[in-house]
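Here's the structure we're looking at; comments come further down.
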Amino acid sequence: MPLMRIPYTDPLPAPRIIPSSAASTAGAVEALVRFLTSSPGELPAPSRARRHLTPPSAALQPSPTAPPPSAAAADDARLRERKTLLLTGAGVSVASGLADYRGTRGTYTLNKTYRPTYYHEFVARHDARKRYWARSFLGSANLERAKPNAAHYAIGELGRQGIVGKVITQNVDSFHPIAHPTLPTIELHGYLRTAVCLSCRREYPRQEFQEELARLNPPWAAFLQEMIASGALDTENPTERRRRGLKTNPDGDVDLGGGVDYSTFQYPACPKCLADPPVLANGERGIINVDANGAWLPTSTAGVLKPNVIMFGESISNAVKEAAEAAVDNAGKLLVIGSSLATYSAWRLAKQALELGLPIGILNMGGVRGEDAFFAHVDESDKGESAFRCAGPAEEILPQAVDEIEKLTGRRVNASETCANIEAVA
Ligand SMILES: [Zn+2]
């Protein structure tokens, strides 16, 4: 079972742009449209062959044995009917005002000492939970104000155009389901919109949980109001935001710097477990003790609420893992957007697509982990039919690609109408 691990924090090498014309925005739009609309059956045979990728790190698991080449040929007909699968990461939410991890203004780039809370710490330690929830309490207000951007809405349009069939996202900000509720999204690393009880698994809306945190922690609530009043949350510019006293990370954490005392922060117990203590794995009934205000006390043995995201060191559930793998199996192409594939859970899906012989595209502003291997087979003459690599901003390129595809579709309709008119005149 894959664990969430701390991704590589080293800068990745600059990408090879494919085709080279995709270095300009207009060229990137043209190549992306070609990538999204060309039929996999039109590809030259070598591009369709199943490929193997040597993991860039010896720590990775060995690749499974690929089916024989005859199976690849049989897949081609099915591929033509299959839609593009998107795999998105933090880069797609940067235009919404959320920092990514390793872009030029990313968390790892600006704050070398950033250290997230690990799952095992969160589960085991009251003080780790205080620290997490305090930072999250402040960061959540910023996340609530952030909205999906043009890239998310363009993805919804690509769904309506019949180009994209599904989205897998590493993001926990819920922007995909908000922007395109009818185009299915698999949230690989969970989502921040609920808190989940570690004992009974009941989920609570994050907004309600946030209100509980505010009620239990009046000084922190006052500090948050100060932050809002200072305008630190009004700007999407991370530099300006920091100048006004606020640092946020993509997982919704606020970084307050050193010297902050989290020990006074309080968090609530699971209301369901409080009313009806659950039976624990050891067969004993759980104990939930709260203070006069309802704050969870460390004499408790159950009823701890956790953000419903996969934390570092935590496993992705088998159901989500299998759904993501099935989405790759059933896709015609894979387009990675705003991800450097630095987390293993995302990288292995791209690797699976490569081994299936799917055309792979990457739209990401920085380098991508081991990306040379994804494009090693790509011919210099390829104009986007079998591969696409662009380092431009998704929120500019995707909406233009949607418009171009609309025109292409419209042109086909107009052409047939013109033919009909000519016949009528004749
Ligand atoms: Zn519970």
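Quick reminder: no glycine exception, Cβ is built from N, Cα and C everywhere.
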Stated TrEMBL location of region 'Disordered', expressed as one of 41-74, 381-414: 41-74
Cβ-centroid neighbourhood (8 Å) of the Zn(2+) site, Cys197, Cys200, Cys270, Cys273 excluded: Leu198, Ser199, Arg201, Arg202, Ala269, Pro271, Lys272, Leu274, Pro278, Ala302, Gly303, Val304, Leu305
For the binding-site residues Cys197, Cys200, Cys270, Cys273, the one whose C-beta sees the most other C-beta atoms within 10 angstroms: Cys270
Pairwise Cα distance for Cys200 (Zn(2+) binding site)/His189 (active site, proton acceptor) [Å, integer]: 20
Cys273 (Zn(2+) binding site): secondary structure state under DSSP, collapsed to three categories: helix
Integer Å distance between the CA atoms belonging to Cys270 (Zn(2+) binding site) and His189 (active site, proton acceptor): 22
